[in-house]
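Copied over from TrEMBL:
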DOMAIN    4-83  domain 'GST N-terminal'
DOMAIN    88-207  domain 'GST C-terminal'
Amino acid sequence: MANDEVVLLDTYVSMFGMRVRIALAEKGIPFEYREENLRNKSPLLLEMNPVYKKIPVLIHNGKPICESLIIVQYIDVVWKDRPLLPSDPYQRAQARFWADYVDKIFFAGRKLWTTKGEEKESGKKELIEYLQVLEGELGNKPYFGGDIFGFVDVAFVPYYCWFYAYETCGNFSIEQYCPKLIAWGKRCMERESVSKSLADPHKVYEFVQIMKKRLAKQDPITELDHRKKVMSDHFNGQVCTIAMLLVVILWRLFTLPLWEVSPSLFHAVLSSAHFDLLRRNDIASADHESGLIVSTYDALPFWLLSSLVAAKGMN
Ligand SMILES: N[C@@H](CCC(=O)N[C@@H](CS)C(=O)NCC(=O)O)C(=O)O
């Protein structure tokens, strides 16, 4: 396969892309690396992975292969030297099971830098649980594949360079919970295929910080906070409206007969209360609240009352 053209669409900090880089390095396959900007995806990426539009994509002689674990298996089948998957069907199935399990780390780890409070704590707890399960599977073996660095190691070791970001965001030590995994990670890093493919943990952390800032700009408050804020605005608005009405009614009762003086003022106050409710209604629906917080019917009594008063004033 000397004339093979192998192109990898990837991004530096992607654990999924790193899997492919390691597999290609293990097999000694030269490839062209193309860094993608995921905020402005290249036409080639969109053409090669039209379904998910995600990296990594391996383009082998013009044909795309998507999804990191599928790519690694493809590489293992096409370039047979230094097999990564075991030949025994049962062992192969087990290796695929654990490689698939590894990605639970991605979703739990993500919560450490995309969420706060209870959600972040639950992400940390889940992450530790998943890591401990993986530590149990590793046991006292040097690699997940036994004595040989194999498919599960390729799938999992890219997360090793994310550990620093997880630990810093979650303020905990993975080594404290999973010392064997840390020893395994260091052992893997002694392989050139791994050390040259993994991102610098500090660069991963920098990336996480940038993403955190971007998220904070997009969504300064969580959806739950937002809901609470809309509800309390609504409640405050109702209290203000009712207080305004009481003031007007009491003032009228203690001064002159209700609609003798300036009925238009009374009308104006009631109308403004009415419009205030409708405005809140618009805000709530524009924010895609589930169901309108204030329905037009809530404002109907104010509208009727104000119209009656105005009509009486005109007579
Ligand atoms: N299951 C996929 C995950 C790939 C993935 O999530 N890639 C991310 C980068 S780490 C991506 O391309 N994101 C761009 C997007 O979601 O638009 C795999 O194993 O290849």
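Cβ coordinates come from backbone N, Cα and C, glycine included.
Unlike curated records, TrEMBL annotations are generated automatically.
Mean per-residue pLDDT, taken over the domain 'GST N-terminal' (4-83), amounts to 98.
Shown for the domain 'GST N-terminal' (4-83): DSSP residue counts in helix, strand and coil, namely 30 helix, 17 strand, 33 coil.
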